[in-house]
Amino acid sequence: MAEVLVLVDHVDGEVKKVTHELLTAARLIGEASAVVVGAPGTAAKLRDALAAHGAAKVYVAESDDAATQLLTPEVDVLAALVAQASPAAVLVAASASGKEIAGRLAIRIGSGVLVDATEVNADATVGQSIFGGAYNVKAKASKGVPVISVRPGAVEAANAEGAAAEETVAVPAANAASVVTINSREPLAAGDRPELTEASVVVSGGRGVASAENFAVVEALADALGGAVGASRAAVDSGYYPHQFQVGQTGKTVSPQLYIALGISGAIQHRAGMQTSKTIVAVNKDAEAPIFEIADFGVVGDLFKVAPQLTEEVTKRKG
Amino acid sequence: MNIVVLVKQVPDTYSERKLADSDHTLDRESADAVLDEINERAVEEALQLQATHGGEVTVVSVGPDRATDAIRKALSMGADKAVHVSDEALHGSDAIATAKVLAKAVSTIEGVDLVLAGNEATDGRVGAVPAMVAELLGLPALTHARKVEVDGTAVKVERETDEGVLHLSAALPAVISVNEKINEPRYPSFKGIMAAKKKPVTTLTVADLGVDTAELGIAGSWTSVLESAPKPPRSAGQRVEDEGDGGTKVAEYLVGQKLI
């Protein structure tokens, strides 16, 4: 059975959840081979987690440069492994970095790149969800080894025992003219709330929240539900909430189990970022707001009355 | 310092975007076309760097004839000139095919120190075209920049993504993509809009660039779309008026759905 290369996404000596999803998808196509690129000593910390998710092989590409150069070490290592192992496909996470690695790798090896797959099939064709979930597309790479970036959360990770046989590979020497040096890193200040794109509950506020201070109402409900806080573009543009929490076409795309929209009219721009949510609840004063057209449960009313009452009900039921 | 800014005309995210039934490409008639917002920030950054370091700002765009509007917008903000690659053979090109044409187009401009672009277009959301262009040109790619500083022959960038902030450096020439935090783009002034009409726009075909049309379009791209279908629209569910018990009713609904 042909190998499928999976680039391992890791941070602080831990495998990120998306890697387990990639390994699961890889096993549909062939035999999963995990590829670890990082500072010396990285792979040893990751091996058990990779074995538990069905990695038959672990390619270990470690060097000091691999940790201090931006993305090109990953591209160089994967390109060398494609030549060595003739895999059936290469899978990476569709994160900001993963999408770039996939794009560069595909050019390097003369192959098609399939971006942000929401479904990976056994024949290495993929499903994609575009225009904020308005269209479903099926696509394939028509040349070379398919390079596929897979949307985090799209594939359900399954446990499987893998041999995780280690094989050390060299990190090829960098091309000096195109090296980008990482001088230092700062993790983003992570709050107590789950990450917006990973959260199973998202509570978002819009123009109707009317001020930055009032977002406390949105946050209180999110915290009661153990969810993340989002904001519509109108709220972000008005300065009520920071841009990194924007849900919509020019912000994040979220697909939680439950999405609660407070004071959001539901412009197409916003819907593109949340319409694939499993259940949508909307609270808006305006009975004509388009958000009600896609809400599973809508309340026409004042969010400052409805949301605190809901927060209280949720807290009471948890208690 | 000579700067190239890559810009793209995209369907307005406030309009409904559709794919053509015939060949799965964008139905350009269905939506208004605008200069992608992130590109305005890339142009703004180029103009700010030009104000400090001098040189020329050239806008490069690959797209159909009507992309002229997006190019004029960038010129009205203050860019000096533009290169517009327009060719029927480009129709249906995927991201790599497009990146190849962009890289060739950049190569027609002499003495380029910096290539600026938006980090991700709102239509395709591939998020890798600047990195692909860097790969093809053999240049460093400093992507998702929230801050750019040029010092002599070196460039420093603060890259911000969901993965955190990285402080990066590289030698010029380089490719930089910017994110939403980089700046607030200026509005074109009336004077700028008038001046833009007289600025030079060079229109090129792919043959002018020496790109083989066999590598472009639907047939030449290294990926192909097998099928596409609009997702069935969501239908509205229950709706109630708040009569003082709206929050409780939502809670009951969520309990019914086993969500709390």
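Here the Cβ of each residue, glycine as well, is placed from N, Cα and C on the backbone.
For reference, TrEMBL has these:
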DOMAIN    A:4-182  domain 'Electron transfer flavoprotein alpha/beta-subunit N-terminal'
BINDING   A:R207, A:232-233, A:246-250, A:263-270, A:N284  FAD binding site
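This view paints the features noted in TrEMBL onto the structure.
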residue : record           : Cβ contacts under 8 Å, 6 or more apart
A:R207  : FAD binding site : A:S232, A:A234, A:A235, A:S238, A:G263, A:I264, A:S265
A:Q246  : FAD binding site : A:G230, A:A231, A:S232, A:R233, A:V236, A:K252, A:G273
A:Q249  : FAD binding site : A:G132, A:Q269, A:H270, A:A272, A:G273
A:A267  : FAD binding site : A:S232, A:R233, A:A234, A:P290
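According to DSSP, A:Q246 (FAD binding site) sits within a strand segment.
Mean pLDDT, taken over the domain 'Electron transfer flavoprotein alpha/beta-subunit N-terminal' (A:4-182), works out to 96 on the 0 to 100 scale. Neighbour density for A:I264 (FAD binding site): within 10 A of its CB lie 32 other CB atoms from the protein chains shown. In sequence order, the binding-site residues from A:R207, A:I264, A:H270 that place a Cβ under 8 angstroms from a chain B Cβ amount to none. Every protein chain shown contributes to the tally, and the Cβ of A:H270 (FAD binding site) ends up with 31 other Cβ atoms within 10 Å.
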